[in-house]
Every structure is written in C-alpha cells, then in structure tokens.
Amino acid sequence: MKRRLDDQESPVYAAQQRRIPGSTEAFPHQHRVLAPAPPVYEAVSETMQSATGIQYSVTPSYQVSAMPQSSGSHGPAIAAVHSSHHHPTAVQPHGGQVVQSHAHPAPPVAPVQGQQQFQRLKVEDALSYLDQVKLQFGSQPQVYNDFLDIMKEFKSQSIDTPGVISRVSQLFKGHPDLIMGFNTFLPPGYKIEVQTNDMVNVTTPGQVHQIPTHGIQPQPQPPPQHPSQPSAQSAPAPAQPAPQPPPAKVSKPSQLQAHTPASQQTPPLPPYASPRSPPVQPHTPVTISLGTAPSLQNNQPVEFNHAINYVNKIKNRFQGQPDIYKAFLEILHTYQKEQRNAKEAGGNYTPALTEQEVYAQVARLFKNQEDLLSEFGQFLPDANSSVLLSKTTAEKVDSVRNDHGGTVKKPQLNNKPQRPSQNGCQIRRHPTGTTPPVKKKPKLLNLKDSSMADASKHGGGTESLFFDKVRKALRSAEAYENFLRCLVIFNQEVISRAELVQLVSPFLGKFPELFNWFKNFLGYKESVHLETYPKERATEGIAMEIDYASCKRLGSSYRALPKSYQQPKCTGRTPLCKEVLNDTWVSFPSWSEDSTFVSSKKTQYEEHIYRCEDERFELDVVLETNLATIRVLEAIQKKLSRLSAEEQAKFRLDNTLGGTSEVIHRKALQRIYADKAADIIDGLRKNPSIAVPIVLKRLKMKEEEWREAQRGFNKVWREQNEKYYLKSLDHQGINFKQNDTKVLRSKSLLNEIESIYDERQEQATEENAGVPVGPHLSLAYEDKQILEDAAALIIHHVKRQTGIQKEDKYKIKQIMHHFIPDLLFAQRGDLSDVEEEEEEEMDVDEATGAVKKHNGVGGSPPKSKLLFSNTAAQKLRGMDEVYNLFYVNNNWYIFMRLHQILCLRLLRICSQAERQIEEENREREWEREVLGIKRDKSDSPAIQLRLKEPMDVDVEDYYPAFLDMVRSLLDGNIDSSQYEDSLREMFTIHAYIAFTMDKLIQSIVRQLQHIVSDEICVQVTDLYLAENNNGATGGQLNTQNSRSLLESTYQRKAEQLMSDENCFKLMFIQSQGQVQLTIELLDTEEENSDDPVEAERWSDYVERYMNSDTTSPELREHLAQKPVFLPRNLRRIRKCQRGREQQEKEGKEGNSKKTMENVDSLDKLECRFKLNSYKMVYVIKSEDYMYRRTALLRAHQSHERVSKRLHQRFQAWVDKWTKEHVPREMAAETSKWLMGEGLEGLVPCTTTCDTETLHFVSINKYRVKYGTVFKAP
C-alpha cells in the first residue's frame, strides 16, 4: 500500500503548509515493522562523563501482531513517544539512531539494574499503526481524525499520558488489537492490557488502573508487589521508581546540560499529576531515531509528524531543484543500508558512512540553508557536536564569522530568553564534562562581564589566541567591549561584512597583523562591494512555507505577511524608504498549472504552441551562442594573421577567449566538444595560433548543420502552428462538447425543472406559507426569422431517416412549418416539397407503373390531411400583448426546450456573422479613407504574405455556409473534426457553440418522432386543437380572466390525460414584439381528504359558488320574509331590469354592442379560499376595473356644475341647522375668536381673513401672525 506522507500530516498541520504539488514520495527503503537486530542502548553511570557511555543489548519482546506489516515505503522519520517530558535530557548517538536515556544512580554491584529500558521506534511503526487505524475505520473517517486530534492535544500538553491512554481506549472500543498495539508508543512504566470483559488494565509507574471501554473513570488498584525489569514492550515499571535528578538548567541558548550530580534528588510526582503544575516531572524517556526533530528547548514532547514536516519542507524548498532532494534521499538511504549491514554483521562490520560524514554531506548539500541544516542537526546531535568540536570555534568567534550554515545560534539583542526558531531549536553538547549552571536569561547586551575566557570558553587554537591578542593590543577594556559590540550587531545582521570591517578598522587598523587575520577569518575581499546575507539566502524557500490562503487579503492578488514573519534586514534603506516601501503585501499569483479549475488550465493545443516556441527559442539560443563564438574567434584569427610567427607563439588568450563573456563561449564549446571542452579551451588560451583555426572550422561546420536543421524545423513548427493555432485560442470547445452532451439529455432537462419545483415546495414548507404560483422557467425567442432555419435543418434530417414512416414525416413537417410558428406568433412556412422534387429520384415500377420516392413523401397530401389548417393562434400573429396556452407532457416539454436551444445557438452564430461583416466593412472603409488602399475581399495582408490560405467563402456568406456544413455533417459527408476546423476559421473562438449542432438536431428529431407516434402525445395535440375551437388556448392578456373557466377546464382535462407523467403549462407570450416562453410544472397529485364528509361539503360549496344561479327557492322565500337589502338598492336593480326589458322589446341590440365597444375593462381580481374556514381572501395586486372611454371627458365637463350643486345643497343644510341651534351671540363670538379678538389670555397676534375660490366655491382663509411675548420683570 503506497502512502503519501502529506496525507498523514495534513489533518494536524493543515494550516502550516501552503500546497504540496504532487505526492510526497517516501524514502526508498524497505518498510519494516520492527528492527531485525536487538536494539542497542546506552547507560550513563555516575562515574562517567556525559560524552561516554556503556553499550549493551536487550532482547526485544515486541508484540508483532499489534503492528501489521505494510508494503509501502517511507523515509526516515520520527517515531516519537507521546509522553509528559518536561526536563532536558542528554542525547547520545549510536550508529544510525540516537537513543536518549537518563542515567540514575545505582549501587556499584549492579550498575545496569534499575536503568530505564525502552524500545527504539521508527516512523514506520507509527505509519503502520495509522495504516491499521485507517483500515479498521475505513467507513468512519471521524475516528481517524479524532485519533489525530488526541495526539495533537497531547503534543500541546493539553492532556497527560494517562489521559491519552483513557481517550484512546474509549475511541478504539471493541478493537483490542488497536488498544494493545498502542503499547508500542507508551513510555516505560506504562502498559495497556485488555481483559475479556472489555475492561482495560493500565499499568502506570506505581499503580494499576482499570478503564472500562464505555468511559468510566479509572479505578486505582494496588501496585504489584513484585518489581520487574521493564522490557522493550513497555513492561510495568517498579513500584518504587528511581530518584530523579533535578531539572537541568540551560547555560547557553543552544546548549543542554548533559549530566547532574546524583546526590540531588527530588521525589517523583503522583501518576496522574498534571504535566503543567510542578517543575519536576516523572521520568519519561524519549526515543529518537534518525530523522527525528524533537523540540527539546521548550521541553515539548516529540511525535513523528515533525519528521514528515521536515521531509515536506525539504521538498517544497527545492521544488525547482529536484536533484538536491534526490541526493538527500540517497544519502539517507546509503546511511541506513550501512547501519543495517553493520547490525546484521553483529559488530564485525564497520560502517563506511558515519554520522559525522552524513552530517557533512548534508551540510554541503544544504549550503546556505541554515534552517534546514540546523533542524537536521537535531536528528544527529552527536554528529553535530562533533562537527562543532572539530572546528574548535568559540561561540563569539562563530558569531563573528556569521556562519549560518552551522548550528550555532547568535546572541539576541534583548534580555528575554531565546525562543525556538520557526524550524525548531538546536541541541549541542558541551565539549567538556559538566558545566556549572548559569542564568537562564543571559543579558547579552551587558558586555561588561565579557572576557577572553568567556569568548574562548568553547573554542581554542588561533581563534582564542586572536581574542587574547586583541584584548592585549587594545589595552582599554572599554575599547575591547566596543569591539565586541561590533561583532554582536554584525551577528544580528544589522550591518554587512564590509561595514563590520569598516567599524573595527579604528580598533585593529593600527595592528596590521591582527586586522589581516580578522579579514581573512571573515572571508572578506577588498573587491567585494555588494554582499548577500547568508540569512537571506537561507530563507529563500520560506515563502513556500507560509500559508497565504489564511492571510489577510487585498483583492484577489495580494496577501499580507503574518505578523510572526521575520522581515529580512536591509542596511541600505533611508528613512524615506522605510516610510514608502511596502513590507507587508506580497503578490499571490495563481498559476494556471496549479489551478483546480479546468477552465483556467492550458489546453493540449496551447501546450503544443508553447512547446514549439520553447523549441524555437532553445535552437535560437544555441545558434546565437555559436555565432557569437564564431565572431570572436574570427576576430582573433584576423588579429593573428597580422602578427609574426614569434608574436603568434607568444600570443595568449584570457578566460574570455578574446570576447567579453567567459560563459557564452565556454557553453558553445561544451556543446560541441562535451567532455573534451576543457582541453579545447585550455588549448585556445595557451596556443591560439594553432587551436583557433581548427575550432573555428568546427564551429562553422556545426553552424551550417544547425541552420539546415532549423530550416527543417521551421516547416514542422509552421505546420503545427497552423494546425493548432485556432484550437489553442478556443479554450471552451474541448470541455463544451463533453458537458453539452450531458446537458442535452432528456433526464437533465427534466431534472432541471423538477429541482426548481422542489425548491419552491421546500421554501413554502419552511416559511409555512402557500406555494408561490408562477412559471418555473422563462425562455426567450429573440428572432422569429431563425425559426425558418431551425425548421429547415430539422426537416432536412427527418427526410433522411428511414425509420420514420411517410405519414409521420408529413406530420412532423406540419408541426415545424405550421404549428410551432402559430404558437410563436410567426409566419407559417411552406409545405411544398420543392427540395425533395429536385433531390430525390423517381422510381417507376415496371409491373404496376406506380411512382415511388425514397426518403420522403411523394408530394403534398390533400388539404383534408392538414392537422393545423385553421387555429385561433393564426389570428394573434400581428397583435401585441397576446398569449397562447398549451398543456404538454414530457416529450413536448423536452422538444420545446431543445427547439429553443437550437434557435438560440443559430441566432448567436448569425449575430457573430453579422458582426464580422461589419468589422470587415469598417476595415475596408478605414483603409480606403486613411491609407488610400482599395483591396478586394480576398486580398488580406495575411493571405498576401502566405500566412493564411484564402477561404472559399466570403464573409457575407458565412452564415449560409454554416447551415450547409451542418447539413453535410448530418448527412455524414464531412467528419466532425473537419466541421469544427471550418467553423473555427470562420467564427474563431465563437464557433464552439455550434460543435454539437448535429447531436442537438438528432435529439430534436427523436422527440418529434415520439410526438407524432406516441398515443399520449397525439392525444395532447388533439386536446389542444379541441380546446382551441372553444377559445381556451389563448387570446389577449387583458381579457385572460374572462377565459379562466375555459382554461381551468382545459387544465383539468390535460391533468387527467397525463395522470401518469408530468404536466407542463406552456405559455407563449408576445409583448412589444418579443416572444417569451414560460414553463410551469403543475402539481397533478390530488390531495385526498381523510374525512369524506368534509370533502363532500367542500365540493358542494365550490359548485354552489361557481354556479351563476346560486339563489335557491328556499333562500328567496327566506329573504322575502326578512330582507337584508337597502330599499334604494332594490329600487335601482328593478329600474335596471325594467330598462333592460325595454331595450329588448325595442330591439336595440346593435346599439348595445356598439356601446360595449367603447368600454375598457380588466377582469384580474383573484381570490383564494382557506380550506379550513372557507374564508375568501383576495390576492394582492389583482384588480377589476371597467370604464367608458368618454367617461373621463364627460367628468371634466360636468365637474364644475356638479361641484356647485353639491356645495349649495350642503350649504343650505348647514344654514338651516345653524339657524335652529346657533344664536347670534355665539356666532359673533366665534367670528371674533377667529379674528383673534374678544377673549383674554390670547397670545398677541394679527389675523387677516382673505376670500379665495377653491373647487369653484368661495372660502375664507385665515392667516395668523404671532407677535413677541413680553414678560413683566
């Protein structure tokens, strides 16, 4: 089973990676569940130095069944034990793997007894276990994700080891093999055992707990009374653990205490103590293998994801340099093979590749990549220490050198403790035995305590002697401290190497010997003026590790760098640069090759064009390089021809061979002479008089050979460009054909409208409202002229179908030429068979003399066979605001959808042809007016330059030629590729819409065949014709409600007819010259009431309501006894009835019709009934109105007269009432009050009374103007 490493990492580290192109291949070595050789451990006794150790073997006792073998191949990675490790530990390498162990004091008699023994883990163990989890829970991915979350929480120290055991046991309930297999990753002293009753026994250092798999809290049990030595399978630990040493203190940011005195002991923690609470933690060793990167500086636990992270980081960093990545894999593979051979030989074999050599090779491979090399150094800490010791470089000397390729960290310019870098911290042993503890937070800016001993404490040799000489030479402690400050700011990359030399020149300038040694030590050269910081070179690939998708956005092309990103230093910036230059926003391009959208990727034809251009460019570079070398050597040859023989013998060339570039000529010669190029170049420099003519002849010969090849390639490239140019521009054609075939399927068209219908139903149910009424689809027929072209193509294909009967062909012809134009308010087509008479042959049967025709009908049948001779839709063609109504089944619906798509695509091609005609005319007009050139249609520049073949079709004939090509494609006279190429030549990138024209027409013909042959389809057509005679299939929109009863009857009949399939309501609406087709899927499922009595009552109610004669004799009798009408209304009704009777007697029916012609009415008032209460509710925005056209004019004319008469009647009533009820004194007081007089306490004001006329009536208008109110003091 092959595995991608990033698959294992992505659930936990999804936010840390941006994108890994392709699969992250595993390292090429055989996957093994367990190491074949016994693991080798180290024990440190109290009498030993930390750099030495005793090696001994322990027979492994692994549970092989818990870790099934996998056949996948993976690279070296961490197999980390998830433990609560909170104090630094000594690291000692051995062979190919580093096993970390803590030594505790023990009696001298048994130095080995009491040592913590544990197994060696590899990344293969962890990945195999994950494989088993995936396989076991393949249908439950959440379980796998929960397991990774548990591991992530443990890594962040959110839970302790017992908590992990409890959660894993609960998660893998019912899978004892997985629970037991987790023992492989537990620290010594912990063990899980599954009982038969689903109880889980957990052995911890000092106690045994039982955990039921249903999640009950652990129950402590007495510890075992017989201490036993733990095996590699994490056997139970002794009841009394060994005393623990105190936490080691960090003496330097990158150093780790290797050993502490055994006399200092602290009691162990309880087994279930939190890992965060006390400073002293229980002893939990950590197992590290090759490829391990534990973050030990912050005392964080280790897990195998770190190794996978590191592998992915390397591959991302060297994406453009796959050779480096492959070389790295080869180094690890070779080292692992050597270690395997050494183990199998049992100590009789000495590995050819040691850890130091592995580190040195990787260091050369990852030069200038400080972070990668530093992190790799964590996997080989002793090799790293050996390299550092071999260099014998003090810490501050390393800072001076600014060598970022090693693992030495620079001091920080703050008083805070050094934090781990982005890629992990680094571990380095002190070269001597033990170091007294120092402060954890060194104040690095305080340089007053700096001394030569501090500077050279970890180094020796000439570097230490140099600092001693500098201190003695400067004599002043302050000057020496300032010198050290210069080194510190250089170490922080605040200044460059050249600036450092300038800063220390006042100190060392007086001592040339020291100054020269210092510059040589820095690698400083006088000619180097511009320098690239190693830190910047080391972080070239950091951009690949930033997750830009989660960063702040500015538009679609820019992302803001995270605040945690460390900006590179720049010493050349001025304050103005810092103010105006951008350090936050970075460009975030979206490459077409990396895009997940198919439409944005390059097509195969674009790739062909690009490949041609790449090949052309590459050959041009070869030719121009060769030509440049020829010119240089020709100049040298001319120069030599003017020299004497002695001068020629003395003449020499430099590395540029007489030119200006060394690289160009060297590449040209290497291309020809390959491995012998170095000898040729050496001969040209030392003896040009002999070598130049020979090399020049060879170069010219190659020039002719390559020029000839270029001419041959130009023909090939031109053919490929001509073949793929138009196809490369068409980025939609490839996907369009495949997708359009799916869209045109009957099932897709039905699913489209059914999904819209279901969405409406669900929305109405959620909102607890009625289902909205209206069409589900609205389609447009923009040009009626296209209907003729569509009908011609369809009939053309129908005639050539031998499976369709003669009568059915004629019915289809009538539908396309008569019925469809009537529905769409277009002019009918001609049924004459002129085309058939011209194309088809007449076969005379000699025996009977009968006339036969192939693939068609033998002439137009008599008029009696016409299906659509006279329809009401014909009369609506020239009118506006009209509609046609047609209830159809599935076949008719699919046909109308396909027909609309066909008309739409024909219209787009026709419109494009018209646009190209206009562009051609404008171009000719411009050439004639501006350039004074008058050219023919076929005299385009491309044709004259023979870059394009002249076309047989003029631009004006593009659309007719397109229709002819469609007919030829339907007949099989041309293939689809030729058809598509011709379309691209005519319509360029707009031609893709017609690529599936043949499939579309074939689908239409299949539906037409069903329409004329299927029984239900024929009945649908017959029902339309029958209801058309009754006036129920359309008319004017403003009189639609007058036909509502007829249309409802038509709908009920259609629903009954199509009870077994969908029923669609098609409305063809013509408004302002545009034809719109609306389609509504009707709900034909009848809701049967549970109570038959209620159903009967509802039916009776509807019938009585719809009946015009709703007044029963009983109701009339009841109303006569107890009238509920106003007498005046009864009088008006009787008067109208008498007037109607009188008109009928006088026979004035003609005048009545004439009177009704001058009336405008709208009957669109709608109402709904609530089934529960029979309550009628009017629909919003529905209304009725009726008025005579002369009523408004008559109202204007009589308005004044009527207004005066009404006012006089009202005024007479008011005067009469006032005379009876209002005395004169009250009327006088009212007049005074209106004028602001007569009453005290009124606000001072001035009132005026003016007489105005409003609506032909005189009125009094009072205006009040208030004065200022003065208050008494």
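Every residue, even glycine, has its Cβ placed from backbone N, Cα and C.
Marked as phosphoserine by Swiss-Prot on the basis of a large-scale study or a structure entry: Ser10, Ser277, Ser832, Ser860, Ser940, Ser1089, Ser1112. If you look up Swiss-Prot, you'll see 119-189 marked as domain 'PAH 1'. Sequence annotations record features per position, and here Swiss-Prot assigns compositional bias 'Low complexity' to 228-237. Annotation comment: Swiss-Prot describes Thr284 as phosphothreonine, evidence class similarity to another entry. The domain 'PAH 2' annotation in Swiss-Prot covers 300-383, and the record cites sequence analysis as its basis. Marked as domain 'PAH 3' by Swiss-Prot: 456-525. According to Swiss-Prot, the feature region 'Interaction with SAP30' maps to 458-525, an assignment based on similarity to another entry. As annotated by Swiss-Prot, N6-acetyllysine applies to Lys469, Lys865, Lys875.
Of all the modified residues listed here (Lys469, Lys875), it is Lys875 whose C-beta has the fewest other C-beta atoms within 10 angstroms.
Here the domain 'PAH 3' (456-525) is broken down by DSSP into helix, strand and coil counts: 51 helix, 0 strand, 19 coil. Note: Ser1112 (phosphoserine) has no non-local neighbours, i.e. no same-chain residues 6+ apart with C-beta under 8 A of its own C-beta. For the recorded site, Ser1112 (phosphoserine), the DSSP three-state label reads coil. The two recorded residues Lys875 (N6-acetyllysine) and Lys469 (N6-acetyllysine) have their Cα atoms spaced 116 Å from each other. In the three-state DSSP scheme, Lys875 (N6-acetyllysine) falls into the helix class.
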